[in-house]
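Down below is the structure, laid out as structure tokens.
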Amino acid sequence: MTFMQQLQEAGERFRCINGLLWVVFGLGVLKCTTLSLRFLALIFDLFLLPAVNFDKYGAKSGKYCVITGASDGIGKEFARQMAKRGFNLVLISRTQSKLEALQKELEDQHHVVVKILAIDIAEDKESNYESIKELCAQLPITVLVNNVGQSHSIPVPFLETEEKELRDIITINNTATLLITQIIAPKIVETVKAENKKSGTRGLILTMGSFGGLIPTPLLATYSGSKSFLQSWSNSLAGELSKDAIDVELIISYLVTSSMSKIRRSSLMIPNPQQFVKSTLRSVGRRCGSQERYATMTPYWAHAVYQFVITETFGVYSKIVNSINYSFHKSIRIRALKKAARQVKKE
């Protein structure tokens, strides 16, 4: 091979490498631009855009909001804040006495109509769903909040999970959510169609997701899977109902003080139900921390930033995040078992 031929080959290799470098550079610029735009959207959604006006969902016009799991925690706070916005309410939960107390509180404070239904959704009886149908048959409903949910009593390996706990989680988080939505969503479609002729009212379906569904969670495997299912189901439903002027949103939360989380004190990362619901209703229809996900929102600012960092660095399905999650819940399990052992000794 002559010197000129060698020089020519070297030039061709250089052009090839140079082209590859430009491709890498272009992809890097695209990634940085996308990341920057997502971060700006995060900031706008969380802090700069005004609060959502619920008049478009029928607030103060006699329309009803149906809330499941409404007697405690996040569900109870949804009831309070939706009543404050002027919605009549249908509250569904297990404990009659708690529902009656909340009914009186909301009717006295906000002068709205509050209907209550006490059923145990874990029983998965047809009569439960018939009761919901009868109660809601003649009501102009525009909003549904699928809040009812259940987790494990403590973190537990899947192979040691009791069958009843496993079945209850799937029944409450998935089966009941789907069946109740099948009952209420047609009522929302009907109400919106009737109202659109006059006022352009929209419908809204909110479903509580979880970081447990966002990130695979060892030692909470059944709960994690049930919430991950809701992500795909809710996104699919959003695509189906958009033509009917119904907004469907999955709400992702990290820890919130509640009886289910067993956390009593709030902190920077752990809001109380009032703070969490306020941030949710302020930002309905905005992705906040879920910038890469359709029809999904992570509304509380600390949760949103946490999700953004995980998503844009390691990724929610990475081994390192899975391992960290496992260690975190393993430590919770150890503490819970020690506490249970101490209580047994006292007895």
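Cβ from N, Cα, C; glycine included.
Copied over from Swiss-Prot:
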- 20-40: transmembrane segment (TRANSMEM)
- Val66, Asp120, Asn147, Tyr223, Lys227, Val256, Ser258: NADP(+) binding site (BINDING)
- Tyr223: active site, proton donor (ACT_SITE)
- Lys227: active site, lowers pKa of active site Tyr (ACT_SITE)
Fewest Cβ neighbours within 10 Å, where candidates are the binding-site residues Asn147, Ser258: Ser258
Spatial neighbours, same chain, of Val66 (NADP(+) binding site) - Cβ under 8 Å, 6+ residues apart: Leu89, Val90, Ile92, Cys136, Ile141, Val143, Leu144, Val145, Ile180, Ile184
Per DSSP, three-state class assigned to Asp120 (NADP(+) binding site): coil
Residue, out of the binding-site residues Asp120, Lys227, Val256, whose Cβ gathers the largest set of other Cβ atoms within 10 Å: Lys227
Ser258 (NADP(+) binding site) - helix vs strand vs coil (DSSP): strand
For Tyr223 (NADP(+) binding site), nearby residues of its own chain (Cβ under 8 Å, 6 or more apart in sequence): Gln150, Ser151, His152, Ile169, Asn173, Ser210, Gly212, Thr217
Most distant Cα pair in Å, residues Val66, Asp120, Asn147, Tyr223, Lys227, Val256, Ser258 binding NADP(+): 24
